[in-house]
Structures are given as structure tokens and as C-alpha cells.
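Structure record follows, encoded as C-alpha cells.
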Amino acid sequence: MKRVCLPSSSEDSDDNGSLSTSWSQHSRSLPSFRHEDRKPSEVFRTDLITAMKLHDSNQLNPEDYYVLADPWRQEWEKGVQVPVNPEFIPETIARVIAEKDKVVTFTRPRKYIHSSGSEPPEVGYVDIQTLADAVCRYDLNEMDVAWLQLINEEFKEMGMQQLDEYTMEQVLEEFEKKCYDKMNHAIETEEGLGIEYDEDVVCDVCQSPDGEDGNEMVFCDKCNICVHQACYGILKVPEGSWLCRTCALGVQPKCLLCPKKGGAMKPTRSGTKWVHVSCALWIPEVSIGSPEKMEPITKVSHIPSNRWALLCSLCNEKVGACIQCSIKNCRTAFHVTCAFDHGLEMKTILTQEDEVKFKSYCPKHGSTKKPEDSHFCRSASDGKDTCEASPTFLGGLRVLEASQQNVKHGSQRKLKLQQLEDDFYSFVDVHDISQALKIPLDVTEYIYQYWKLRRKANFNEPLITPKKDEEDNLAKKEQDVLIRRLQLFTHLRQDLERVRNLTYMVTRREKMKRSVCRVQEQIFNLYTKISEQEKDLGFPLENGLLFNTQPSNPDAPKIEDLKWHSAFFRKRLGSSLRCSMKDSHKKSRERIIGKSLDTEILLTDRKKEGQTSDVSFPLEKTVAKIKPVQQKNGGSFPEHRKRRDSRTQGDTKFDSKEKPLRQQHRPAKHTEPPERPAEKKRALSQCGGKSATASSNKKQCSSSLPRYSGSLIKIHCNRPSVKVPTSPIKNWGGFRIPKKGEKVQPGSMETCQPNLNCQFLGQVSKKGRTKEKVKLDNDNDGYTPDAEMSDSESEPTDKCRLQRLTSSSSLSRGYETDFIRRSILAS
């Protein structure tokens, strides 16, 4: 038996767990509706899914089933959608539709849709402009209110209707409006001014008095200028009044290219600058954008700077841009408007290529003369036929006549304007205003009489500002605000530029200070390094250049003392470097000095017998040079020279020990002439007569050998100790700074000026003497002090020079250079 079950939806099957189909409760309530429509519907069958399910305990091969590991598994419990009545499914039918005619459909324009009709777009909507126009612009003041109270009392006595404030304001505003409109029309028209125009007037642009059909001469009804239609770009002459561009805008600008105000002017592309049309035509760099409208004026920026710098020969003003005479070699400059005013010859030539050329001539090269000018010249020359007046004088006369005529027309215009202002009430019709406002004529007449009194009391000035002028004032205020903002931004830009320049200069200054500090730091580090090196070598720091600055004390040593100290320490440095040799070299040197001492003692005995020896030549030569200088200078020696001379007599024995050692390191020069025996004897006599006794006791003599202790040489002998000189040696010498490209040859000798009393002196080669002689002559400029050369010392070979340190020692070269530089800095 087939079980009949009602179909159910998927929700019902999920809730009760039934495996059969069932209809929803709503479907059961409307069974007839379902059967009547016979529309296909769908049901969710869950039995199909249940039949596919197996229990987990069933044993199956892995190939016979699928494992559902997806969380979407719960969706399978809802069943499968199946149609209830598949036979009633509608069939798909397709048919061909004929093409429709192309109809222009409405598309929204790019701009908004504006309603140009007078009717409001919506019922009850009133435009804001209409509301603004309906508001009365005149407000009663205290005087008006007082008069209104008085007139209302009279109206009450007369039995008339009283007047309210709003009606009075409307009537006064209408009076002002009618008066302003009719007065302006009278000023702008010929019949209002009543002035007849001159028939000989010329065009303000081309200066031609002739008019043609289609190119009529048009007059401005406000400024009274006359222009051709083509010259000013008037496409169509209006029937009524016509105003030029400047008068239409109500501005009185100044021309950008000349100093003249007024005239036929057109704006530039920006609209803020104005230029005369004649100036734009005659200046070659300037162009006109539209020749039909003759505006805007373009390419003003193309005018060269030299044209802007020209000085007008007629008005003597350097304003705007001038043109020059068309004659090739003439450079006379003048403004275009000045040339027209002075009557200069200005030609417009049409070429065969339909090009227009403009030719202008200065008063000297111009040939234009008017009959009245020639008549004046003839009368001024007492009947002569020739005219001797200058063109400039004739031009001045024409300008004077033109100015007188302009003054005449201007005075007539002013008189007429004054008369129109006095008769202002004649432009108001009381009857028309009464009908327009629907006010009784008597009331309007009372208000009219009061309005006349108020205007006359206000010097015929209007009681309210005209609407057009008010709008212009507002526009001008807005323009002024924009100009002020532009000026503010310009000033701000300039201030920022100043700040930028200031910061740049401050940064540059700080960088320079930083570089100077770095240089000072390097110099200080170098001085510190030199001081440390001097300290390591044993020099006392109080005698160094860094600590030996010149104080403000008057008893302090002078610059010459510093120079002498630098040279003295340089010589001591050479001695200290030689003292830093190995011990073996010291011992060998002592042995050599001992042998040379014995040799010198033997040679002394031979000198007593009149014999000479080449070995003792350096000693004899050095000692023999002292006496002639002493004989020449006498007792005028300074104190330090006396001490040095006494030291020379006591140190002769020590010098005789050092000389043979120097001869072993350097070959003897046989080119030097031997000294005279008399000088040798005098030199030996100064050394003392007990030299033979010293030779008998070698142990005692060996004790007088120099011993090295640090950087100083200490001599232990029986003679008194000699102090270090504290005063500068006269003519101590100078150091020559080598040039940039000059190279110092290795082994060359550095020379100084001759000094007889200086220790550590040696000989140089003949070639070196010759070169040094030229340098010393150039440095001394022909001056030779007494201490340098005596009467008997005329040969360059008699000069003694400082011996330079060995060039192979880099340390010696470095210290020598530092001492030389420090000596120069001290000087």
C-alpha cells in the first residue's frame, strides 16, 4: 500500500526528521490555488541523500565510497531540489523583432539648464534679485522724519490721507533714479550739451580728417574723441549714443607706452593695462590680437630695453617707449602722441605687397609746414619770403593753438555741465511718477518740493548713490582687495628672499669660521708637536718661539732678540743632532780630536820658527779675521760684541780641535789663497803663550774635550766659562725663501750674511760663493755694514757662512725648515 504524505519544505524536513516529502503549512491552506494554476514548483527531497548514507560500521573497500571531510557536509541534510510538475515548465520562445526607427533621444547638456522665461521656475518662488530690487535703497533720516510728522499734521487738518514712511522713501528714490538717468543721457548726447563739433576734427588714431562710406568717423558722447570705425574696431555704429572703451568702463587709465592720458585706448590681454591704438601701430614690436576689433594689444613685452630707455626729445620725459626718426643716421627719439601733438611728419605708406609701413620724421628732417605757420614766419621776418624759424618752434606754436582750442571746448563743456546740475529738477516729471506709483498727485507734489530743497541744501548732490556707481565702487573695492593681497604676497616673497639670502650669508660665514678654526687647530697641533720634539731633544721650553712671545713689558727683548735666538737655537740643534751619533762614532771622534790636538800643538811650535802648514789653515784663517774688524771699529763695539770677542780668544783651542774633524769629512779646497804670516802670528799671540805647556800634559787637555749631556755641550777646562749671548748679533743674516719652482740640490750649502763672531762656521765651494754673492747683493741692495767688511776684506772669499745640516737626514731638514719658518714669523 502506498503511503500518502503531504509534501514538506526543507525546513520542515529538518525539524521533524521526516524522510518523505511534505508541503508547507501555507501550501496546505491553499491546495485549490496550487491545483488550479498548475504552475511548476519545487520541493526538497532528503530520502535520496539518506539512501546514499552508510553507517560507520559498514565494511567497504576504500574505492567504493567517498569520505566527506568538508565542513559543508551539513548542507547535504537539507535535501535536493526537484520539480513537482515538470510538465508545466514553460517553454522558451524566441522571435525576431523589427528594427525601430532611430529617434533623437534627450541627452543632458554639459551646462546646466537655465530658464530664460519671465515666469518663475516654481509656483511661489521669488528670485533673490527680484527681492533685492524691491527693497527701497533710500532710508529716511531725522530731518525726513520731522518733515513727515509736520506734513501729516497738515494732511490731517486738510482731511487728506496721511503719508507713511515707506511711501515717502519710494517716491524719493524714484525722483533720484529719474534725475540720474535723464541727466546722464543729456550729458552723453549732443543736444543735451548743446556744443557743435568742429568740422576739421581728425581721427585720434590715424590723424586723418576724412571719412568714407563704411568707415565713418564716430564721436564718443562722454570724452568727445573722434575715431574711424576701422581705426578703433567698431564693427557697427550704434543708433544712439556711443562710448569708447575707457568711458564705457568708467576708467581713466594711463597709457603704458607714453605719458599722455585719455584718447583712443585699448586694453592689453590681461585687461589691467591700456595702450593708445596709435602707439601700438607705430611701435614695431607691438602687435594687435584681432585687427577687426583692434584689440587686445599684445607683445608689449617684446619691446627691447633700449627702447624703454630712450628719452623723448619733445617732452623730455623717460616714460614709456619712444620711436626714432626714420632717417638712417638720425637717432632722435620721441613719443608717438608727442609727435602728433607737435605736428611732426608721420607717414603711412602702402607697399605693393599690401603691407603698411610707418615713417616718422623728427623736426629737423620733417617737411610738413602749414600755411599759417609760413604766414607767421613771413610776418616775423619783416616781409622776407624765406622762413628762418626752426621746426621745433613751429611745432610749439601748433601745440599752443591746439591747447587753446581744447581749453575753449573744455570751458564750454564745464559751463554746460554746471548748468545741467543746477537745473536737475527739470529732468523729473511729477505726473509720471504719480501714475507709476499710484500715489495722489498732491502728495507727490509735496514730496517733490521737499526733494528740491534737500538737493539744493546738499549742493545739488544726489541723496543716494547711483546703483551703477555703487556697483562700480564694490567692484573697485574688490579689485583693491585683490591688489592689496597681491602686494602682500609680493612683499612676503621679497621678505622670504631676504631671509634666504641672510641664511645663506650666515651659513657661508659659519663655514669660513669653521675652516679658520680648523687651520688654527692644525697650526696649534703643529706647534705642540714641535714643542714635544724640542722637549725630547733637551731644549728648554721657555726659550722656544712658542713660549718666547713679545710681552707688553718695556723691559722685554725686541724682535732682533727673537731673530738671534732662532738662529742660535738652529746652530745648537745642529750640534745636538751631531751629538746623537753612536757610541763607537763618538769614541773614534774623540781619538781623532786628540790626534789633531797633538798636531796643532806641534804646528804652534813650528809657527814660532816661521814655518806654515796647510793643516792649520782653517784655524789661522778664522782667528785672523777678528783683528781687522776690531781695529776698524775700535771701542764702539756693543756689550755683546765685547763678550763675543773675549770668548773668541778663549775658545781658539777648542776651535782648533774641531777644524781638523771637519776637514776629514770634506775635502780641502786648494783654490783659496794662503793667509799672510803676519796675521798668523798675531792670531797665535792672541791665543796665549801657554799652549806648549798644554801639549806636555795630554791628560789635562783630554779633560777639556767636549762631553755631550743631552743637547748642550759642556766643556770642562781651566778657562772661565762663557755664557750664552742674550743680545742679538749685529747683522745676524737673513733667510731667503725659495720660489715655487726652485729646487734645492742635495748637498748644497745654505748661506747667510757674514758674521765673524759666530760659532759653527764652515766653508763652502767657490760655485756656492758665487751664487750666494748675487743673492746677498740683491737682498742687501748695496748696503754693507761695518761689522761685515773691513778695509782689508774686499774679496768674497773672506766671507764666512753657516754650514747647513746634512741633506741626507730627513729629520735635520724638517727641523731646519721649521726653525727658518719660525724665525720669519718672529720677524
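Glycine too: its Cβ is placed from the backbone N, Cα and C atoms.
Residues or ranges marked as region 'Disordered' in Swiss-Prot: 1-35 (among others).
As annotated by Swiss-Prot, compositional bias 'Polar residues' applies to 16-30 (among others).
For 200-250 (among others), the entry in Swiss-Prot reads zinc finger.
Summarising the annotation, Swiss-Prot assigns zinc finger to 252-286 (among others) and lists sequence analysis as the type of evidence. Confidence over the zinc finger (252-286), given as mean pLDDT on the 0 to 100 scale, stands at 90.
Here the zinc finger (310-366) has, by DSSP, the following mix of helix, strand and coil residues: 6 helix, 14 strand, 37 coil. Annotation source Swiss-Prot lists zinc finger at 310-366 (among others), citing sequence analysis.
Taken from Swiss-Prot, the feature region 'Disordered' covers 622-705 (among others).
Positions annotated as compositional bias 'Basic and acidic residues' by Swiss-Prot: 646-661 (among others).
Per Swiss-Prot, compositional bias 'Basic and acidic residues' is recorded for 669-682 (among others).
The compositional bias 'Polar residues' annotation in Swiss-Prot covers 692-705 (among others).
According to Swiss-Prot, the region 'Disordered' annotation covers 769-810 (among others).
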Beyond the flanks of the zinc finger (252-286) by 6 or more, those residues with Cβ under 8 Å of it: 204-207, 223, 225, 227, 231-233, 244-246, 294-300, 302-304, 307, 315, 317, 319-321, 323, 335-338, 340-341, 346, 358, 360
Within the zinc finger (200-250), residues counted as helix, strand or coil by DSSP: 9 helix, 8 strand, 34 coil
DSSP residue counts for the zinc finger (252-286), split into helix, strand and coil: 6 helix, 10 strand, 19 coil
